[in-house]
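What follows is one structure encoded as structure tokens, with my remarks underneath.
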Amino acid sequence: MFATMEDVFTTLFGSKAGELYVLQCMAYIMIFMAGTTFLTLLFENVPYGRYASSKYGFPVNVKFAWFVQELPAFLVPVYLVLGTSALKLSQMCNRFIVAMYFCHYAHRSLIYPFLIRGGKPTPFVSFALAFVFCIYNGYLQIRYLSHFAEYPADWITHPCFIAGFMLWLVGFLVNVYSDHILRNLRKPGETGYKIPVGGMFEYVSGANFLGEIVEWSGFALAAHSIHSTAFAIFTFVVLSSRAVAHHRWYLEKFEDYPKSRKALIPFVY
């Protein structure tokens, strides 16, 4: 007889308690990764987009890279939900939080890549690291939520959950709308960079990054676990660095760049 995936997990981890311990270790490893990434980004920008460099490997088509690297963050959780017992999804709260995750990655992996206009190729190293991270994080978040996370019966009406969901929703909408603004800066046939205007770009240079940081911070508040918190911390480290780099780049490239516009936090920084 063929072994089920639950049998495979049992063989790998020995017990449910063993797997839960591994998931917790993975969350702490992600926090450690955030710390080392923070130190690295003090000296160098994440090498993709306008900061792409040939020293990080051969170029990968930008649409192909975004589609393939993000797809595991969608497909791994789909399998964990549909191909395993996923007993905790009998609880409304767990289903709601998992749906928040899927909403983002359905858009990021199945829609966003095919809306990209132009864009520089992604260095292979950046592409490969993103692919591995999406597998890692997809398993970490959804395996915990679908098999281990337990919440009080009234958690879905708790202020933490409600505030988290609202932050997630606002962040998601800001992120999607900001990406829309960036895509439509150039008219057909135009090349080069332009100053983004509209939406949260009136206040910060990294409006799309701000939206995603707020989104995953809200997710962490609603999910209320070390696993979701680790992801929010990692997201903040990577995207805040990118927002600051973009802000500095805009100021250097455009003499008429709005001086009142901040890098990431409106009116503050």
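Any Cβ shown, glycine's included, is placed from N, Cα and C.
Among the features that TrEMBL reports, transmembrane segment is placed at 20-43, 64-84, 124-144, 156-177. Residues or ranges marked as domain '3-oxo-5-alpha-steroid 4-dehydrogenase C-terminal' by TrEMBL: 121-269.
Only sequence-distant pairs (6 or more apart) were considered; of these, fewer than three Cβ pairs between the transmembrane segment (124-144) and the transmembrane segment (156-177) are under 8 A, so the stretches are not in contact. Model confidence over the domain '3-oxo-5-alpha-steroid 4-dehydrogenase C-terminal' (121-269) stands at 95, taken as the mean pLDDT rounded to a whole number.
Note on the transmembrane segment (64-84): residues 4-6, 9, 98, 101-102, 105-106, 108-110, 112-114, 116, 121-122, 127, 130-131, 134-135, 137-139, 141-143, 146-147 of its chain, located 6 or more positions outside it, place their CB under 8 angstroms from a CB of the stretch.
The domain '3-oxo-5-alpha-steroid 4-dehydrogenase C-terminal' (121-269): residue composition by secondary structure is 101 helix, 4 strand, 44 coil, according to DSSP.
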